[in-house]
Amino acid sequence: MKKFFTSESVAIGHPDKIADQIADAILDEVLKQDPLARSAIEVTVSTGDVSIFGELSTKAYVNVRDVATDTIKKIGYIEPKLGFTYDSVNVSNKIVEQSAEISSAVDQAEDDPDQIGAGDQGIIYGYANNETSDYIPLALQLSHKLMKQLKTVREAGDSNSYLRPDGKGEVSVEYGDDNRPKRISAVVLSAQHIEGIELEDLRARISEDIIAPVLPTELVDENTKFFINPSGLWSLGGPQADSGLTGRKIIVDTYGGAAHHGGGAFSGKDATKVDRSGAYYARYVAKNLVAAGLADKLEIQVGYAIGVARPVSIDLDTFGTEKVSIDKIYSIVDQVFDFRPLSIINQLDLRRPIYLQTAAFGHFGRSDLDLPWEKLDQVEKIKALLAN
């Protein structure tokens, strides 16, 4: 029986991603002044409007409107004909201070006075597989690459580009009997574009400029299906056509549907929120275990209680691909990794302004960025323990 897997990504100018980028841009500006700030910022974008709300406790002063409009400008919403532009949007700031009760629960963990407690209860997941050099599914890797290429081509064309900021991409991969990628079965790409372009010309240019440079030729055959702007012309996009909200692209942000998701989003949250820091650390653990050869793919689930440092549970799933006993993997995890929030923050150095760069094209598998949770710096330690 044939096995297929599909993942999607969205462009930097997708409404939900605009919201994520604004939230993380604000977070980064706050962290530049106050590394100990507590943040849980949410953003909505719609026709002519940006609303920023949530909780923030900090000594920093940040001009939220300026950060929001500068972010929108950098994304590419500049031309008046786009409807939603950096210099015309109404920005409302409804941020309030974090609850004192939550703050006191986090400041000192109930079970470990030297640690901070988890910022909330939550279930988080980390995942890695070895089918790509980035340790993420091939379908997701290619979907992100298509969206990066869309941005590159649009920005290279500057004001003469036929592309506009919004877009979506999707790749389907067929697997062989060895559970390795065999071929690309389908590609879907929808790109916002200028008015006045002919549909067939648009499709030909997207095929040549965006798709061809990204797809591995050895995985494309005569039966690969391409759906380029399958709904037809798409000149009206972005928040002018569709509202956006932080945290609404959590599968794009993580593993493209290959792993479970606990439901917590990332953008706008500081590292005391285990939705973010715990998920980053779980990815770090899974990636190092797979890179060390303990399994071909691995998922880890971690459960937290608010105000408590140590996880209430840790569970592993290797999907039958383990190369050593599951008990041995658990033992290595226990010896090498510390899932307490403050330990995670210190080990990965998460009180820095590094988050805006993650708010588009995925938080994991980012070989184009120097992200601490993507480092393979525990592999040799894991291998040494394996040898004992």
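Backbone N, Cα and C atoms are what each Cβ position is placed from, and that goes for glycine too.
From the candidate list Gln21, Gln98, Gln192, Gln301, the residue Swiss-Prot records in the L-methionine site shared with Glu55, Asp242, Lys273 is Gln98. Ranking the binding-site residues Asp16, Glu42, Gly167, Asp242, Lys269 by how many other Cβ atoms lie within 10 angstroms of each Cβ puts Asp242 at the bottom. Closest in space to Lys249 (ATP binding site), of the binding-site residues given as Asp16, Glu42, Glu55, Gln98, Lys273, is Asp16, taking the CA atom of each residue.
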